[in-house]
Structures are given as structure tokens and as C-alpha cells.
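Feature annotation from Swiss-Prot assigns domain 'Chitin-binding type R&R' to 20-92; the stated evidence is sequence analysis. Sequence annotations record features per position, and here Swiss-Prot assigns O-linked glycosylation site to Thr90, Thr107, Thr111 based on experimental evidence. What Swiss-Prot records for Gln1 is pyrrolidone carboxylic acid. Per Swiss-Prot, proline amide is recorded for Pro116. Per Swiss-Prot, region 'Disordered' is recorded for 78-97.
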Amino acid sequence: QAPSDKVIPIISQNEVRNPDGSYQWNYETGNGIKADETGTLKKGSKPDEGDFIVAQGSFSYTGPDGTAYQVQYSADDENGFVPQGAHFPTPPPIPPAIQRALDYLATLPPTPEARP
């Protein structure tokens with residue numbers, strides 16, 4: 001698709017930054033894109049770790065085919081960026097025989113590490 005020379009207006013845009021490191025922003029464009037995010041500053045749990053941001057947000061837009069897309073996400077030091085959306089592919093179900101085998105294996109005691 002060729003780039004458009006059409007200027008898309010910003011309908012609304014807000015941003016708040018707080019002294020404690022937390023923030024909130026959102027915007028909406030003339031072509032229906034919306035986005036928002038909130039974040040807080042979290043102290044590292046170890047003395048050698050710095051502070052980091054924990055964020056939650058969402059964005060939505062309409063694709064070229066007219067389909068509405070919405071994504072919610074979180075981001076932190078433990079899980080990284082974790083998006084969720086109804087349009088994301090999902091894995092196929094695990095066949096029952098394989099699931100039974102996995103369940104059985106989970107009940108077994110740990111085995112010693114293999115030695116070279």
C-alpha cells in the first residue's frame with residue numbers, strides 16, 4: 001500500500017508525569033486510532049538492581065479491510081511485553097493422549113542430572 005499524503009489530525013492527547021515516576025498518557029487520532037498507557041516506577045528487589053517501569057495499556061485501530069483490532073498489554077521486568085488480543089493466533093489444543101502423558105510425567109519424581 002502506497003503512503004498517503006493525507007494529514008491525520010490528533011483529536012485528543014493527554015500526558016501526566018508525576019514526581020514519583022508514575023505516568024499516564026492517551027491519544028486519539030482522526031482515523032480512529034486510540035492508545036493509552038499507565039506506568040508506575042518499581043524498585044528492584046536486589047541491591048544491584050535499578051528501578052524499572054511497570055506499564056499497562058491498550059491500543060485500537062481499524063485495519064485496511066475494515067476489521068477493528070484491539071490490543072491490551074502489560075510490560076514489566078518479570079514477563080517483558082505481554083500483548084493480548086482476540087485476533088492473535090492461538091495454539092491448537094493438545095491431543096488427549098499427549099495431555100495424559102504430560103500429566104503422568106508431571107507426577108514422577110525428578111531424576112538426577114545426566115552425567116557426561
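Note that Cβ sites are derived from N, Cα and C of the backbone, with glycine treated the same way.
Location within the structure of each feature annotated in Swiss-Prot.
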| residue | record | contacts (Cβ under 8 Å, 6+ apart) |
| --- | --- | --- |
| Thr90 | O-linked glycosylation site | none |
| Thr107 | O-linked glycosylation site | none |
| Thr111 | O-linked glycosylation site | none |
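Confidence over the domain 'Chitin-binding type R&R' (20-92), given as mean pLDDT on the 0 to 100 scale, stands at 92. The region 'Disordered' (78-97): residue composition by secondary structure is 2 helix, 5 strand, 13 coil, according to DSSP. Thr111 (O-linked glycosylation site) carries neither a helix nor a strand DSSP state and counts as coil.
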